[in-house]
């Protein structure tokens, strides 16, 4: 009886260090987990921080494994299971964050590889661009076999920038003083908006009509089709004859439009689909040339009217005719203000 009673307090005292050691281990192991939770994406993004944390977690795991080996006989199996679970979770968190950081860095370093994706679309010789510019004005009547479209974007991009420069030249030759930024933004927005927007719309129609054409080929076809627009606008902005513009619009604009229509006809099956697709493209292309010629000239004429003249003399004459009325109005307003105060 007494031996068993005395053994119980002794067991309690001997159990106290075990509980204390376990609590210390819990606090020591918990510090690493708390550090991991408090880390945000910015602090753990560098390789050095992640490498040090990974190494520290491994060292703490080794120390805990040694401590467990030394005190394995005295401790309960449940405590060992909990410590092993905590260590495994900490190692998984560290490994996951290490992998995330490495993935982000490798994605940043692979930017050059992503640029290489665009290289085939711009890898073209000047002789090829020149021949394609000439071919864009020559419609080929070959319907039974799909005509070849060069899937490159260098020539179309240069033609769009050339069209922007011609529009700027046409606005500046009118001796109009406008802010350069507004003029540049209008020209770039108009040209690139037409090229990208109409290409996307015709590609969508081609998808509905089962035409065999890709988006890059559509951009290339429409971009080279702007060569006729560039020639027509460059001539008619310098030589101001409406009859000359109509001739160029029908001949040069019509040739470039017929070239695109012939290519699309050779890649489309079915008369209704060909009529819808080619009619839409021809109407948009020819109307865009009319818009570029007349809309910008109308803007220039309107600006010149407001700057130079017919509206300004009537205002000056009216102001000279009624000085008495204006003085009377000022006197009455002054009296009203004095009364209210």
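Just so it is clear, glycine is given a Cβ too, placed from its N, Cα and C backbone atoms.
TrEMBL: automatically predicted annotations, no manual curation.
TrEMBL tags one of the stretches 120-140, 246-266 as transmembrane segment, and that stretch is 246-266. TrEMBL tags one of the stretches 221-240, 301-320, 321-340 as transmembrane segment, and that stretch is 221-240.
TrEMBL lists transmembrane segment for one of the ranges 96-114, 153-171, namely 153-171. Under 8 Å from some Cβ of the transmembrane segment (183-209) lie the Cβ atoms of residues 156, 160-161, 163-164, 167-168, 171-172, 215, 218-219, 222-223, 226, 264, 267-268, 270, 273-274, 276-277, 280-281, 284-285, 288, 292, all in the same chain and six or more residues away from its ends.
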